[in-house]
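These come from TrEMBL:
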type	residues	note
TRANSMEM	A:12-33	transmembrane segment
DOMAIN	A:20-442	domain 'DUF112'
TRANSMEM	A:45-69	transmembrane segment
TRANSMEM	A:75-95	transmembrane segment
TRANSMEM	A:107-136	transmembrane segment
TRANSMEM	A:148-163	transmembrane segment
TRANSMEM	A:170-189	transmembrane segment
TRANSMEM	A:201-224	transmembrane segment
TRANSMEM	A:262-286	transmembrane segment
TRANSMEM	A:325-345	transmembrane segment
TRANSMEM	A:357-384	transmembrane segment
TRANSMEM	A:421-449	transmembrane segment
TRANSMEM	A:469-490	transmembrane segment
Amino acid sequence: MDMLSYLADGFAVSLSPLNLAVVLVGVTAGLFIGAMPGLGSVNGVAILLPMTFIVPPESAIIFLAAVYYGAMYGGAISSILLGIPGASTAVATTFDGRPMAQKGEAGLALIAAAVASFVGGTISVVLFTILAAPLAEFALAFGPPEEFALVLLAFTTFVGLGGDDVVKTMMMILFGLALSTVGLDMISGNPRLVFFDLPGFYSGISFLILAIGVYGVGEVLWTIEETRGSPKVMNARIGFRDLVDGVKKLGRTVRTMTMGSVLGFFVGVLPAAGATPAALMAYGLARSGSKNPENFGKGEVEGVVAPEAANNAASTGSLLPMLTLGIPGSPTTALLLGGMVMWGLTPGPMLFIEQPGFVWGLISSLYTANVFAVIVNIALIPLFVWALRMPFPVLTAVVLTLCVVGGYAPNARMHDVWMIVLFGFGAFVLRKTNYPMAPLVLALVLGPLMEQSLRQSLISSQGDMTTFFTRPISGTLMAISVILFALPIIKRLRSAGALKPAQ
Amino acid sequence: MRIAELATALVLMGLSVWFMVLATALPIGWVPEAGPGGGAFPFWLSAGMFVCAALILWRETRVAPRFKRVAIFIHPAASGQMAVAAGGLVAMVALLPLVGAYIAIPAFMIGYLKVIGKTGWVTPILLSVGTVLFMFFFFEVSLKILLPKGWTEPWFYPLYAMFF
């Protein structure tokens, strides 16, 4: 019952006129950003974060969460109409969404994506509400060794489950952690890793600067290269009758949507897994459980609803460890975490005790964001079709300008703007050579917590490393980390063993 | 593509060595009464980076070029657009402290849209004017964040008097 009263208090915060307006603007901006080819929730949050200084911290985070939500809805729009996923999270939506559009069913595909996103969002927010408080209460028992073990676990999930090249993933984690140490040493206060003795490095490398570089400039260059700068748009018109017909046709997909939502939520909770694998897994499950698996890939509506329900549910799921444990489950939640820290709100179990109004306000805002997103999404489909016809160079010029101005605004330093350019170019080269970017951003955000917890643990144990293994919670987390770290090696050995008889 | 892979691994190796050298400015071992030295965390992370980069380099050199997937680093159809985007961005940032945001940014937008977008004058001019108005009223008037003006600073004195 406590939970319901907290949630009711939360609604009192999220339904205030300012926060309602913030959610509406956030989901609409998110929908547009998500609908743009190559741009997704992480790009939206990175580019718009500096714009949120105009509202109080609580409203700023609610706004960014709404952008996140809206972008998850919007990703399907470009997947269906352009055949280019708005972000990697909407890749699975192109498999059947694009063939549906080519068959003249773009309207139905868009309605299916919006309704499935709504169902995924709703189920996952309910799961989030139920699980958030108990998880935060459990996390109150965490000391520095547990915090270190938890951060290590987040990184080993990238190695074990991330699906990218293991050595390159480790490289990016270490690179991000090393970048997080730039500036003043947190204990002695002495400067370290101050490149060329430039004063700009004394205050460290902001996660925001790296994120704008990687997900703003880097993404623009990447999209130009991938699309050769000329995406093609399919048409879609939706009237009220199409909407009613569409919703009726979706009746038979309720089971698929529910399965995608629950699966998506729990996959989203895992760091490194997130919305993209959740959507792909839900698509695979929907196909294997379908009576007509041969229709998948040719314009099957279930092939649209499964990944869309899953990717929205996963986005909510990834907020759970961020808010309750202070460990982000995805690059977007890493940015949200960074934003919260910037505004003096430290995510983790203590936030539930110290700032219950904010926490439950944010949770309840997810409900309102979900409702607004589905309404705005369906109502503005003609506008999205028009916006996608916008010449691609216009979008490129606007995003690059926002990156420069948004990067300059927080500290008014040209140093930051040059760093954005450098990170953007570097990210393009690294992505082209298959280095994953998400671990880099996550490591930069989690680096200070990792170093602080490591040093505190070692100081209190007089340098005894077994402290991480002898305490029950940290020991369990360390054991899981070891298993996850060994997973790729085991997989490799098993596949080598399987190959031997054939050779 | 293989050359890019090798070059990237080499650059990362170089970076990690540089990081290690810089980290040694602070103690990298155990400091009595104070625990791990301030340079320990960055030093050992950079050492890990070096090992990973060396592994990547070793892996790449083991595979003969003819077995590598044939891929090009930047598609020729996109190289022109990318060069203009990257070059335009660098030029815009370099000009910011000299001529200010209100000249550098519209110049970038107009130049970029004329060269890449091959549009007429209406779209770039409307977009530039809209961006300039947004920048001024959102950042300067609402957020009180002054954008770089360079030598155009005196032009803004009447506006400052009006809005601040």
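Any Cβ shown, glycine's included, is placed from N, Cα and C.
A mean pLDDT of 85 is what the model gives for the domain 'DUF112' (A:20-442).
Under 8 Å from some Cβ of the transmembrane segment (A:262-286) lie the Cβ atoms of residues 72, 88-93, 95, 120, 123-124, 127-128, 153-155, 157-158, 161-163, 256, 296, 302-303, 305-318, 320-321, 327-330, 438-439, 442, all in the same chain and six or more residues away from its ends. Counting same-chain residues at least six beyond the ends of the transmembrane segment (A:107-136), those with a Cβ under 8 angstroms from any Cβ of the stretch are 2-3, 6-7, 69, 72-73, 76-77, 79-81, 93, 96-97, 100-101, 236-238, 242-243, 245-247, 249-250, 253, 257-258, 260-262, 264-265, 268, 301, 304-306, 308-317, 319-321, 323-325, 348-349, 351-352, 359, 363, 366-367, 369-371, 373-374, 377-378, 381. Beyond the ends of the transmembrane segment (A:469-490), by six or more residues, the same chain brings 141-143, 145-146, 148-150, 152-153, 156-157, 159-161, 166 to within a C-beta distance below 8 angstroms of the stretch.
Contact check: the transmembrane segment (A:12-33) against the transmembrane segment (A:357-384) gives at least three Cβ pairs closer than 8 Å, residues 6 or more apart, which meets the contact criterion. Note: the stretches the transmembrane segment (A:201-224) and the transmembrane segment (A:170-189) are in contact (3+ CB pairs below 8 A, sequence gap of 6 or more). Beyond the transmembrane segment (A:421-449), the same-chain residues lying 6 or more positions past its ends with a Cβ under 8 Å from any Cβ of the stretch are 147, 151, 154-155, 158, 162, 164-165, 168-169, 171-177, 179-181, 186, 205, 207, 209-218, 220-222, 225, 271-272, 274, 326-328, 330-331, 334-335, 337-338, 403.
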